[in-house]
Amino acid sequence: MATGPDPIIGERSSLSVMAEGNPVAPSVLIVDDEEDLSWILARVAEKAGWSVRRANSGDAALRLLDPSCSSPAGHQSLGFEPFLAFVDLMLPDFDGWELVRRLRSLCPDLRFVVVSGLLDADAPRVRRAVKSGEVAGFLAKPFPLEDFRDWLNRNADRRVCSPASTEP
């Protein structure tokens, strides 16, 4: 029986201890309708010490972040507050750019990395969004897991999302 790091997911980072019950562990939202990919990304993030939530649709992502949203079964959202989100641009129920806009309205400090198998980093819309700061970056599918880990590592020191103010 082999021991050591998982060949796909990698080694646990020094942040791993934080994710195991520490409320200040960095948190990430992964929004992608490709279940296998989102599962792998979640495992990689957890191994790196991140608290992770996954959503397979835009609606599910909004329910995770918005405490005023209820699921179809009437369950209240937990008001998850990530500070990094990986958002697929082609979801079954949402245009990814619109989802980024809606999620930002709930969590203004949330950093976004958009993901697509149809666009590349040179696409005009992607270049404009990165240049303007609308999104922090872009990953073209399929991407090396090391690129995903790099985004996590660069953002590991961020701790909280500042929810949108409810003051008039």
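Cβ coordinates come from backbone N, Cα and C, glycine included.
As recorded in TrEMBL, the features of this protein are as follows:
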- 27-156: domain 'Response regulatory' (DOMAIN)
- Asp88: 4-aspartylphosphate (MOD_RES)
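Secondary structure by DSSP for the domain 'Response regulatory' (27-156): 52 helix, 29 strand, 49 coil. Per-residue confidence over the domain 'Response regulatory' (27-156) averages out at a pLDDT of 90.
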